[in-house]
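Inspection log for the structure reproduced underneath, given as structure tokens.
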């Protein structure tokens, strides 16, 4: 099963991205999603190569946001696809059965389609408004997560669901009670001056009910 905490990278330059990702890894994060929008192919490739090496050093999983061909080119662990990106089944055909494919969802119907087409995990959101992403889908809130997770249970759909969108430390307990598997976060880690302490606190809450 996948780790419960995923860091979605931030930074407008290669240097910013590397620094932010390196700090997240060094502070205990073991799943990185590289998100480097509106960049040249060359810069995206340079960054991905560097981050792959870092993730290998820290024994962390490494997936790439939206760019399936880059993920294939550098042999990343997988890719995360948005609602307007390549279809999940097409991505599965290209990447093969072993790679991780995550899909963004805003509704129960989105999840149904993703799972049917071979998605490994769902990034469900947004939980609340966030400046990290443009063109947000409708805000879900706790009630939205509860309703969608209940529909999944009723329809016997079992796939790890990650909450995303403006999540803070105090949100984790009520979110986990809805039945999600974990969270995918950006700003809370990037902007923290005490990343090790924060990631430890996040993981303590995320894994609170896990029996080892």
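Just so it is clear, glycine is given a Cβ too, placed from its N, Cα and C backbone atoms.
Values in this document were obtained by computation on a predicted structure and should not be read as measured data.
Quick look at what Swiss-Prot annotates:
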- 33, 34, 35, 36, 37, 65, 104, 133: 4-amino-2-methyl-5-(diphosphooxymethyl)pyrimidine binding site (BINDING)
- 66, 85: Mg(2+) binding site (BINDING)
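Feature map: Swiss-Prot annotations on the structure.
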residue	record	DSSP (3 states)
33	4-amino-2-methyl-5-(diphosphooxymethyl)pyrimidine binding site	strand
65	4-amino-2-methyl-5-(diphosphooxymethyl)pyrimidine binding site	strand
85	Mg(2+) binding site	coil
104	4-amino-2-methyl-5-(diphosphooxymethyl)pyrimidine binding site	strand
Quick one: Cα separation, residue 104 (4-amino-2-methyl-5-(diphosphooxymethyl)pyrimidine binding site) versus residue 85 (Mg(2+) binding site), in Å? 10
For residue 65 (4-amino-2-methyl-5-(diphosphooxymethyl)pyrimidine binding site), the number of neighbouring Cβ atoms whose distance to its own Cβ is within 10 Å equals 21
Sort out the sequence-distant neighbours of residue 66 (Mg(2+) binding site) for me: same chain, 6+ apart, CB within less than 8 Å of its CB, listed by position. 35, 37, 79, 80, 81, 82, 85
Cβ neighbour count within 10 Å of residue 33 (4-amino-2-methyl-5-(diphosphooxymethyl)pyrimidine binding site): 24
With an 8 Å cut-off on Cβ-Cβ distance and a minimum sequence separation of at least 6, pull the same-chain contacts of residue 34 (4-amino-2-methyl-5-(diphosphooxymethyl)pyrimidine binding site), or say none. 9, 17, 21, 47, 48, 51, 62, 63, 64, 65
